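Single-structure report; data block below.
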Amino acid sequence: MEPGNSTKITEFLLLGLSEGPELQPLIFGLFLSMYLITVFGNLAIILTVSSDPHLHTPMYFFLSNLSFVDICFTSTTIPKMLWNIQTQRDIITYEGCIIQMYFYLLFAGLDDFLLTVMAYDRYVAICHPLHYTVIMSPWVCALLVLVSWVLSSMYSLLQSLMILRLSFCSDLEIHHFFCEITWLIQLACSDPFLNNMVVYFGSVIIGVVPLAGIVYSYSKIVATICGISSARGQYKAFSTCASHLSVVSLFYCSALGVYLSFTATYRSHTSAISSVMYTVVTPMLNPFIYSLRNKDIKRALKGFLGMETSRRISMLLFPNISPCHPLSPCP
C-alpha cells in the first residue's frame, strides 16, 4: 500500500443521528439546548473560580481547566452538526474532517489527563495533607496542565497523520454526526492494519493508563479514609472526592458504552446515539455535578451571581453614574 490518497477526496457525508427529515427539527432544538447549557454552565464555573480568591487552589484550578476543555470539546462537533441540519447539507470537507478529528481527539485526551491530575490532587490532599502546599505548588499545577496539553497534542497529531496516509474509495458516508476516527478507518480502501494498531496503542496510553492512575489514587484515598477514626472526618474527606468520582464514573462508563456499541453495531446509528452521552451529555452534566455537590462552588456561585445582579441594578438605577461613584453601590 502506498501512503496518501489514491483518489481525490474532497468531502464526506455526515449522516448524523437520524436520516428522517421529520426528526431534524427536534434534534436541532435538543442539541442546541444542550450545547448552550454546556457552554454557559462551564463558563459559569470558570468565572466563579476566577472571581473568588478562596477558590484559587489547585483543585479549582484544575476544575476551571476541565470546564474550558469541556466547552472546546463540545464545540468541535455540535456547531457543525447544527449547521448541517439548518442548511440541510450533510457535507463536511476532507480538510474540515481531519481538523475536526484532530481537535476532538485533542480535547478528549485532555479530559482523560485532567481527570487523572485531579485524582492525584485529591490523593495528595488526603494522604499527604501536611505536604500538600509544597507538593501541589503553583508551578507544579501549571506543569501538570502543560504536560497534559503536550501529550494530548502529540496523540491527536499522530492519529491525524495516520489518517492522511489512507486512501478512500466511493463509499464516503459516515454514520455519525462528526468525523470519528474509527469510522474513517473503516471507510478506507487501503490496508488499515497499521492505523488500527496505532488506535489500539493510543487507546491504552490515553484511556487505560490514566484510568489506572485514577484507580490507584482512589485505592490509596480509600485506605487513608478507612484509617480515620472519626466518622465526621471520614465523611469530610470523602465529600471532597465525591464530585470528581462522579464525573470520572460518568466519563469512563459512557466512553466504554460508545466503544462496545461501535464494535457490536457497525454501520448503524446506534453507535452515534451512544456517543452523545460521551461527547455532549457528560460535559453538560459536569458543572451541575460540581456545583450541586460542592459547598464552596455553590457559595461562590451565589456570590458571583449576586455581584452581577447588583451591578445590573446599579446600572439601571444610576445610568449616568460610574459604577464606583459614591452614590452607586459597588460590588
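Placement of Cβ uses the backbone N, Cα and C atoms for every residue, glycine included.
Per TrEMBL, transmembrane segment is recorded for 26-47 (among others). Sequence-distant contacts of the transmembrane segment (26-47), counting only residues of its own chain at least 6 positions beyond either end whose CB sits under 8 Å from a CB of the stretch, comprise 16-18, 63-64, 67-68, 70-71, 74-75, 78-79, 81-82, 85-86, 280-281, 283-284, 286-288, 290-291, 297, 301, 304.
If you look up TrEMBL, you'll see 41-290 marked as domain 'G-protein coupled receptors family 1 profile'. Note on the domain 'G-protein coupled receptors family 1 profile' (41-290): its mean pLDDT in the predicted model is 87.
Feature annotation from TrEMBL assigns transmembrane segment to 59-79 (among others).
Counting only same-chain residues 6+ beyond the ends of the transmembrane segment (91-110), those with a CB under 8 A from a CB of the stretch are 9-14, 69, 72-73, 76-77, 80, 84, 148-149, 151-153, 155-157, 159-160, 163-164, 178-181, 184, 206, 279. According to TrEMBL, the transmembrane segment annotation covers 91-110 (among others).
As annotated by TrEMBL, transmembrane segment applies to 130-151 (among others). With a threshold of 8 Å between CB atoms, the same-chain residues lying at least 6 positions outside the transmembrane segment (130-151) that come near it are 58, 61-62, 65, 109-110, 113-114, 117, 120-121, 124, 205.
Annotation source TrEMBL lists transmembrane segment at 197-216 (among others). Same-chain neighbours of the transmembrane segment (197-216): 108-109, 112-113, 115-116, 119-120, 151-152, 155, 158-159, 162, 181-182, 185, 248, 252, 255, counting only residues six or more beyond its ends whose CB sits under 8 Å from a CB of the stretch.
Feature annotation from TrEMBL assigns transmembrane segment to 237-260 (among others).
What TrEMBL lists as transmembrane segment is 272-292 (among others).
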